[in-house]
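Peer 1: Encoded as structure tokens, here's the structure I'll be asking about.
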């Protein structure tokens, strides 16, 4: 079944000019990019996006990191998009990520791990709606 998932190219990757390399990986792995834009998160946006982590020790540093540079948010589409995207990006910790995954190849650390990906269809839908209106998403 064709699904949509949500992606963020995070500040560490944007600062190192890896946007093109990462978007190319998406397309090489069968994903259609049906929406994409560069944004600079406000504190309110970053805190809202990561609200489920509020009160945790890593919340404040995560918010600061996500505000440190523009990010690229995208909506990707393909069969089994959520699962396949999670496989493509690899585990959160790049040291344990499989060879050939985006995080193994590009991430600097567990926090500066280059990309975010939705972990369920429900979260993908919520995250897509957080950043995109329906008129910004295009069928291809």
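Note: Cβ is positioned from N, Cα and C throughout, glycine not excepted.
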Peer 1: Name the residue, out of 17, 80, 113, that Swiss-Prot lists for the same ATP site as 10, 58, 86, 92, 103, please.
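Peer 2: For the ATP site that includes 10, 58, 86, 92, 103, Swiss-Prot also lists 113.
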Peer 1: Going along the chain, which residues six or more apart from residue 103 (ATP binding site) have their CB under 8 A from its CB?
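Peer 2: Sequence-distant Cβ neighbours: 89, 90, 91, 92, 94, 97, 113, 114, 115.
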Peer 1: For the binding-site residues 92, 113, work out the Cβ neighbour count at 10 Å and name the residue with the minimum.
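Peer 2: Comparing Cβ neighbours within 10 Å for the binding-site residues 92, 113, 92 has the fewest.
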Peer 1: For residue 10 (ATP binding site), what residues in its own chain, 6 or more apart in sequence, show a Cβ-Cβ distance under 8 Å?
Peer 2: 65, 66, 71, 112, 113, 114, 115, 116
Peer 1: Let me know how many other Cβ atoms fall within 10 Å of the Cβ of residue 116 (active site, pros-phosphohistidine intermediate).
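Peer 2: Residue 116 (active site, pros-phosphohistidine intermediate) is surrounded by 19 other Cβ atoms within 10 Å.
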